[in-house]
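Chemist: Below, the features straight out of TrEMBL:
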DOMAIN    1-111  domain 'HotDog ACOT-type'
ACT_SITE  Asn9  active site
DOMAIN    167-281  domain 'HotDog ACOT-type'
ACT_SITE  Asp198  active site
Amino acid sequence: RIMRPDDANVAGNVHGGTILKMIEEAGAIISTRHCNSQAGEPCVAALARVERTDFLSPVCIGEVANVSAEITYTSRHSVEVQVNVMSENILTGAKKVTNKATLWYVPLSLKNVNKVLEVPPIQYMRKEQEDEGKKRYEEQKLDRLETKQRNGDVIFPVINAEPHTVGYSQSSLIHLVGPSDCTLLGFVHGGVTMKLMDEVAGIVAARHCKTNIVTASVDAINFHEKIKKGSVITISGRMTFTSNKSMEIEVFVDADPFVDEPRERYRAVSAFFTYVSLSKEGKPLPVPQLLTETEDEKRRFEEGKGRYLQTKAKRQAQLLQAAQQ
């Protein structure tokens with residue numbers, strides 16, 4: 001579809017959350033189709049996880065975004081979907097790949113939302129494809145478990161915080177989940193949640209550097225529990241790490257099931273977003289150093305630095321491998 005002004009920021013760059021929402025919609029369509037391709041209980045595919053997603057190039061107002069999806073692996077109860085996004089300048093015909101994402105879905109029965117159904121297997125061209133997919137499945141399963149175990153933090157407001165501190169830029173957004181946010185099962189679309197998360201992360205980044213900012217990448221997004229229609233969700237974001245030209249922001253979503261639910265607030269989704277600061281000409285700008293004050297902030301900064309260095313080393317290894325080929 002064509003990108004409109006309400007999809008973009010003031011500089012004309014399309015919000016990362018808008019792209020993430022389109023990616024999730026494509027993944028949900030193809031995985032739901034596949035899971036209903038054989039006789040059995042009707043189901044809807046629910047998003048469980050999005051692997052690290054890099055924003056290779058910004059999409060601008062007036063360009064056409066073409067989203068394509070392909071199923072690359074199936075386990076007994078989950079589907080791996082590879083989604084690619086290509087932007088097209090319809091005035092010049094120029095095309096470029098802007099995003100590549102891997103998503104995991106589970107099929108939930110329409111009759112019983114707590115029942116996970118079996119996934120029809122796919123045919124692989126080579127045995128190696130199945131083996132590689134199984135390895136990815138085991139790795140994401142382990143990472144989801146580890147992430148859920150460390151999800152206990154809460155963000156509290158800070159009064160009169162100094163600029164460039166964690167408290168100064170941290171932000172929260174409260175949203176009442178309505179019918180238009182939900183799937184046929186009455187639970188929030190993963191894409192809706194990711195769009196709100198990107199919005200909060202963008203506010204944190206803009207508050208920190210006071211410039212035009214764009215989403216550079218999103219670390220793995222883990223959907224720990226479903227969010228029901230009628231819930232009130234709080235999306236919170238805080239700066240965890242800054243390099244010379246990038247900012248890492250931790251974002252998590254807590255749900256309060258207010259309607260006909262005695263349950264207390266719970267952590268539903270968590271992820272790390274990375275942003276870069278851009279000039280009016282679209283050139284990267286230096287990012288102000290994050291000022292850490294507490295021991296927890298210093299610990300999170302060092303953890304963020306470790307993720308940054310690991311990603312940098314992996315990217316350099318990929319460039320070296322490409323150059324050798």
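Each Cβ is built from the backbone N, Cα and C atoms, and glycine gets one as well.
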Chemist: On the DSSP side of things, how many residues of the domain 'HotDog ACOT-type' (167-281) fall into helix, strand and coil, could you say?
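Modeler: Helix/strand/coil tally for the domain 'HotDog ACOT-type' (167-281): 26 helix, 54 strand, 35 coil.
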Chemist: Please spell out the DSSP helix, strand and coil residue counts for the domain 'HotDog ACOT-type' (1-111).
Modeler: 23 helix, 52 strand, 36 coil
Chemist: Out of these active-site residues, Asn9, Asp198, which one has the fewest other C-beta atoms within 10 Å of its own C-beta?
Modeler: Asn9
Chemist: Cα-Cα, whole number of Å: Asp198 (active site) versus Asn9 (active site)?
Modeler: 12
Chemist: Can you work out the mean pLDDT of the predicted model over the domain 'HotDog ACOT-type' (167-281)?
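Modeler: Averaging the confidence scores along the domain 'HotDog ACOT-type' (167-281) gives 93.
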